[in-house]
Structures are given as C-alpha cells and as structure tokens.
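Undergrad: Dumping the structure here so I can ask a few things about it.
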C-alpha cells in the first residue's frame, strides 16, 4: 500500500482533473477519500495512503514525473523461525527522502521466507510508484546471493519466491542488490518488528 507524501491540495486538484470521485473522510484525521480507476486514496494532512488493485491509477496522477531510481530497503522478521513473521520495507528517493514505507504480518514463516516476502513487497511498492531503476538493500546475504544466482536456491518455497522476485525485476530498466549491515537497514527492521508487536 503506497504512502505518498505530497501537498494534499495539489494532489486533489490533479485527481479532480483526472476525473476522480471524492467523498468525505471517516475520521477527524482523514480529510477526504478519492477513487480513480481501480485505486482508492485516503488523504491526511501531508500524505495520501493509496489502496486497491492498481495503485498506479492514483500515484501516476499525483506523481507524474516519478520515474528515476529508488533505493529499496527491506527486512523480514520471524519469531521462532518458523513462527509469527512480518515484513518491513522503505523506498528512498535519490535525494534521500522517504517516498513510502510499510510493514505487515505474513503469518507463520521462517526468517528466510520473511526476507523474501519483504523483498517482494518492496519490489511491488516500487513498481506501483513507477520507478525505472531500483537499488535493493537488505541485511540477508542469502537473499542477495540467491537473487543474483551466486548461490543455488534449493528450498522449494524460497525458489518460488525467488522466481516471483525475478519476475518483478523484469519491470525495471536496471536493478542491483547490496547486502548491508543491520544498522543500515534499521528502519525496515523496525517496521517489521512493529508489525509483529501490533499483531
């Protein structure tokens, strides 16, 4: 679910020009709702939360010049390995600003399964925003080595997730993946653990 930090009045004007329908917010924090194509947005003071089957129906309107390169940080967490698991991801623009972030539980999984699910969530979010190039950064050496083909992927479930990640990567003009220390991946790690704490 993309979160777009933007000027809400400008975003509403762009959506109105594109033919979106609007309704009032459901709480004191929600300013308004908008529907366009197969996407639904909820407006807050300085951001839009976009949902639906095709978030780009809205994100492409409010951020028409997105393109470019994004840095995607991802992390998976599992308590019990296997056990309750969650993912966290953060998209950072070239100028260092956070474009979007998310964290969600994924049920019962191993740590490696959660890492792959976090990677896939980050790739899907970056695709929804329409970025051309992606630089992936995660603290799982296994995911990095398997994704690049340096290591075999013997586990059938991880192999399926690797195939899905590679399919998503074909939607980008260029991509790379870098193994980073946990401290560098702190925000994605925190989002995954917050999702587990809130479950």
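Glycine is no exception: its Cβ is also placed from the backbone N, Cα and C atoms.
As listed in Swiss-Prot for this protein:
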type	residues	note
BINDING	75, 189	Mg(2+) 2 binding site
BINDING	75, 115, 139	Mn(2+) 1 binding site
BINDING	75, 189	Mn(2+) 2 binding site
BINDING	75, 115, 139	Mg(2+) 1 binding site
DOMAIN	66-197	domain 'RNase H type-1'
REGION	1-68	region 'Not required for RNase H activity'
REGION	69-199	region 'As active as intact RNase H'
Undergrad: Given the recorded Mn(2+) 1 site (75, 115, 139), which additional residues of the same chain have their Cβ within 8 Å of the Cβ centre, ordered by sequence?
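TA: Here the non-site neighbours turn out to be 74, 76, 77, 114, 118, 138, 140, 143, 182, 185, 188, 189, 192.
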Undergrad: Hey, what's the Cβ neighbour count for residue 115 (Mn(2+) 1 binding site) at 10 Å?
TA: 29
Undergrad: Tell me the Cβ contacts of residue 75 (Mg(2+) 2 binding site) under 8 Å, same chain only and six or more apart in sequence, or just say none.
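TA: Those within reach of residue 75 (Mg(2+) 2 binding site), by Cβ under 8 Å and sequence separation of 6 or more, are 87, 88, 89, 115, 118, 138, 139, 140, 185, 188, 189, 191, 192.
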Undergrad: How many helix, strand and coil residues does the domain 'RNase H type-1' (66-197) contain under DSSP?
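TA: Per-class counts: 57 helix, 45 strand, 30 coil.
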